[in-house]
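Q: I'd like to ask you about the structure that follows.
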Amino acid sequence: MAHVGDCTQTPWLPVLVVSLMCSARAEYSNCGENEYYNQTTGLCQECPPCGPGEEPYLSCGYGTKDEDYGCVPCPAEKFSKGGYQICRRHKDCEGFFRATVLTPGDMENDAECGPCLPGYYMLENRPRNIYGMVCYSCLLAPPNTKECVGATSGASANFPGTSGSSTLSPFQHAHKELSGQGHLATALIIAMSTIFIMAIAIVLIIMFYILKTKPSAPACCTSHPGKSVEAQVSKDEEKKEAPDNVVMFSEKDEFEKLTATPAKPTKSENDASSENEQLLSRSVDSDEEPAPDKQGSPELCLLSLVHLAREKSATSNKSAGIQSRRKKILDVYANVCGVVEGLSPTELPFDCLEKTSRMLSSTYNSEKAVVKTWRHLAESFGLKRDEIGGMTDGMQLFDRISTAGYSIPELLTKLVQIERLDAVESLCADILEWAGVVPPASQPHAAS
């Protein structure tokens, strides 16, 4: 039975311990800021206060007290009124308040400041706190302030310099600081003005360079457009060598007869003109494949000259037709230059540009004639190969040259230079139809 009774009384022990701890915590929490709990009396007791010139060492209050709690004297330049206050620093009359020291401070009392230093004054409507005792420089004082009358002479008299050194008054220090700030502001203004002027100069130089490098108007729109273009075409034709039309004779005696001829025939002006006419016919018709340039033996050159002499009568009729059509194209070309002067290619109708783009494509000729395409036209405008490689057709080229500032007459001039008179004729006809201008009367083509 006793064993059973011990088991029934054991659960009450934790409850008793918890209740005692809660009651002790309640006693500690009832103590004030400067009180500690006395376990002997079970009451809150006041912490021992410190005397003047002393401050508490360690902590005491709110029910707790350090074992080594006590009071220690204040260090130098600090004071305390006693009680539970810590030591505080004396007023810095000269450094902070800009005033004279009336009474120096000690361990029990604070320092007392007197009147303002020379060159400083106190505000009349000052706040009623510690900042109301601050003195301000006479440089910022309103006129007729009595403390600042004769501040310059008084400041220099009250602050004499020591032997071998010079001492500036507070008034002179303030004046020096303000003058330094003024010089800094002036330097900043000059620097900003210089940067602004340089930026404007750079912009003007860039604009002048752009205007200077802008392409000028084409020569086709001058007083004699047809003649200038014709001269340009003739110059391009002269730079190219005439293709050698080589004829291989089967008769052996005829070949030996030609090789035995001592006199070498010379080309006449009619032969040279016929060769140029053949080149122009390839550009207009775009259906003949030019023969590759070859450098053979003297016998082959003689054969070529003989062949040209035999075909002189046959090519004369064809050259007359080519010249007639060439003159017609140049007349229409000159008329179009005057109509669309200053317009860009993208201002033309879409169908007109698309038709010209198809004519300049590499798949335009069914017989695979070797003619200049829109890529050659792009090279004549000075575009780089990587830029041309990013294009797919002539429409993109027209957009590119329009963005670069080229006009329709310049486009026609480039087409003439690359020997695409067929494209020039088609584009001029579409432009005249779009502009509502009657084309010049054309002569009938001569039979070729």
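Numbering starts at 1 and runs along the chain as displayed.
Note: Cβ is positioned from N, Cα and C throughout, glycine not excepted.
From Swiss-Prot, for reference:
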COMPBIAS  233-243  compositional bias 'Basic and acidic residues'
COMPBIAS  271-283  compositional bias 'Polar residues'
DISULFID  Cys31-Cys44  disulfide bond
DISULFID  Cys47-Cys60  disulfide bond
DISULFID  Cys50-Cys71  disulfide bond
DISULFID  Cys74-Cys87  disulfide bond
DISULFID  Cys93-Cys113  disulfide bond
DISULFID  Cys135-Cys148  disulfide bond
REPEAT    115-148  repeat 'TNFR-Cys 3'
SIGNAL    1-26  signal peptide
TOPO_DOM  27-187  topological domain 'Extracellular'
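Looking at the shown structure, what environment does each listed feature sit in?
A: Cys31 (disulfide bond) carries neither a helix nor a strand DSSP state and counts as coil.
Every protein chain shown contributes to the tally, and the Cβ of Cys60 (disulfide bond) ends up with 20 other Cβ atoms within 10 Å. DSSP assigns Cys60 (disulfide bond) to a strand.
Cys50 (disulfide bond) falls within a strand when secondary structure is assigned with DSSP.
There are 18 other CB atoms within 10 A of the CB of Cys87 (disulfide bond), with all protein chains counted. Under the three-state DSSP scheme, Cys87 (disulfide bond) falls in the coil class.
Taking Cβ-Cβ distances under 8 Å and a sequence gap of 6 or more within the same chain, the neighbours of Cys113 (disulfide bond) are Lys91, Cys93, Phe97, Ala99, Thr100, Val101, Leu102, Met133.
In this structure, Cys148 (disulfide bond) is part of a helix by DSSP.
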Q: Over the repeat 'TNFR-Cys 3' (115-148), work out the mean pLDDT and round it to an integer.
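A: Mean per-residue confidence for the repeat 'TNFR-Cys 3' (115-148): 86 out of 100.
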Q: What's the CA-CA gap between Cys31 (disulfide bond) and Cys47 (disulfide bond) in angstrom, rounded?
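A: On Cα coordinates alone, these residues lie 11 Å apart.
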